[in-house]
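If you look up TrEMBL, you'll see 1-24 marked as region 'Disordered'. As annotated by TrEMBL, transmembrane segment applies to 37-61, 241-265, 271-301, 321-345, 418-443, 464-484, 563-587, 608-628.
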Amino acid sequence: MNDTEKPADTPSEEEDFGDPRTYDPDFKGPVSNRSCTDVLCCMIFLLCIVGYIVLGLVAWVHGDPRRAAYPTDSQGHFCGQKGTPNENKTILFYFNLLRCTSPSVLLNLQCPTTQICVSKCPEKFLTYVEMQLLYTKDKSHWEDYRQFCKTTAKPVKSLTQLLLDDDCPTAIFPSKPFLQRCFPDFSTRNGTLTIGSKMVFQDGNGGTRSVIELGAANGINKLLDAKSLGLKVFEDYATTWYWILIGLTIAMVLSWIFLILLRFIAGCLFWVFMIGVIGIIGYVIILCIIEVIVILMLIFLRNRIRVAIILLKEGSKAIGYVPSTLVYPALTFILLSICICYWVVTAVFLATSGVPVYKVIAPEGHCIHENQTCDPEIFNTTEIAKACPGALCNFAFYGGKSLYHQYIPTFHVYNLFVFLWLINFVVALGQCALAGAFATYYWAMKKPDDIPRYPLFTAFGRAIRYHTGSLAFGSLIIALIQMFKIVLEYLDHRLKRTQNTLSKFLQCCLRCCFWCLENAIKFLNRNAYIMIAIYGRNFCRSAKDAFNLLMRNVLKVAVTDEVTYFVLFLGKILVAGSIGVLAFLFFTQRLPVIAQGPASLNYYWVPLLTVILGSYLIAHGFFSVYAMCVETIFICFCEDLERNDGSTEKPYFITPNLHGILIKKQLVPQKQKE
């Protein structure tokens, strides 16, 4: 069989997976005469976007981000807000932390004790009774204590009257601000948790309490340690942000260089990828096992790698003739950033929607009206105040009883779902536009003379104008799967304490199944978008055509697809690893000859991991264009083989090198069967 002959598929394959394409002298690539597809899905998608915009506007009207930025005292006033009496009082102080049972209660502002705004946290132990004794000698002690009291407080009240009026805390102890709230200043002394070097303290009511009685003290201490770590990380970012940007810029330039070189020396560059990755892996001794696995893969996949290299060369030519495709990842990044920002802002406004809700709080917990809704302005004149002496009407949370407030949880789910739908649509739009541009390149007989002007812009316009519904259809399927995965993770989190071994096993199986399903659908969607870009048909028809075409050429798929992705993955690892090694040497002061790195870092791994992750994402953005290019060329090649026979009347559009090696790889398994 010569190069112009096509290997015959078995009759069963043709019957099971449709009829092969036939020669069409008028077919010159992506059809220009097309109509709108999946109109119903397009309308549903647009209605969801309109609803999403309306939801954002309604949340903007009802929400108040200040509620997330500023803590709120018992009267519903913000601490630290400009233009208010609390402008210089930015920290929330709790009168009696002993009434709070867990850190979550404190952070949610639902601790059953009076809360006021203060300018600083207490720095020493002192009870109200001790302050009164000192006040007779030195009135300055009252001035220090009164900043933790209400403005109407006086230093001459008895302890009983103080408890009834609730004007001051019965005791204060060393604290420090965390999340704009005063928390105990915990420290460890000889392995024992202490506050201000004390394990016990006076509660101001004549009793002695231990540190542990504050409830969840260890949990709060961990939060404070996390805050200290966060501050150090922030300091490292503030010191190294300039160098991080330089590293990411180098990664972008390096990705560009690799993509350009792939056009001319793809084979040589692959071995550069391989040797570089092996060298980077070998830099860490622990990863030697991975290095051995990679070497074994190279040995067994050496023939398939030759095919992948030829495909990469062809992809390099396509990108060289359509260079605008390398800029498209920037547009995708901008669109994804807009979607993410809108989702975050809407979620914040939804979370802060509502009006202040006040609840009855009984300090001693002996009131039948406790936890009932109340009005602080008239509370002292109500029957509740008379029936429960000492009861308070304190701010509890933000909420409401309107229809909008009742459906806020549903709005959160809708916000998340539409967000997933939109980001998958943006990805689908990019894939379809790139596929249209690369298909235009492939079906040009004389390259680059027959390539029309602005192929990427034309393909993008067609995708938006005619196939928004089809792209929305495909992205909807992915969004639904991702939503199910999120629900599964949520249930796993809520039921974690009640799970047994069997339920954990089932959860693991479900995660694996959904992961496989999501990746399989993404693969099918990509090929469906290629068929949409070429023929302009609806999503289901395009997905069916793509699946049948791949199955009719399953042997070619086996030798090209995953191996090509493996080669591109090596390129990503090389870019990220190279920049990572340079960053490690730089941030650990081991490259003084080139440049003097920052010498005052708390954790050098903070900028290092940032540079590595950022470099990988940048390389992924560039190499994903290559992946889409290779996949489009491969689909077009399979179509080309079915439409043409390589004769003068029906010439192939593919280059002879790629045609020859793909046909050869397909014939080898068939000869082995014979």
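Note: Cβ is positioned from N, Cα and C throughout, glycine not excepted.
Caution: TrEMBL annotation is automatic and unverified by curators.
Long-range Cβ contacts of the transmembrane segment (418-443) within its own chain (Cβ-Cβ under 8 Å, at least 6 residues beyond either end) map to 27-30, 45, 48-49, 51-52, 317-318, 321-322, 324-325, 328-329, 331-332, 335-336, 339-340, 342-343, 451-452, 455-456, 458-460, 462-464, 467, 471-472, 474-476, 478-479, 482-483, 525-526, 529-530, 532-534, 625, 628-629, 631-633, 636-637, 640, 653-654.
Listed by sequence, the residues of this chain that lie at least six past the ends of the transmembrane segment (321-345) yet keep a Cβ under 8 A from its Cβ atoms are 52, 56, 256, 259, 415-416, 419, 422-423, 426-427, 429-430, 433-434, 437-438, 440-441, 447-448, 451, 454-457, 621-622, 624-625, 629. Counting Cβ pairs under 8 Å that are 6 or more residues apart, the transmembrane segment (37-61) and the transmembrane segment (608-628) reach fewer than 3 and are not in contact.
When Cβ-Cβ distances under 8 Å to the transmembrane segment (241-265) are tallied for each of 464-484, 563-587, 608-628, the top count falls to 608-628.
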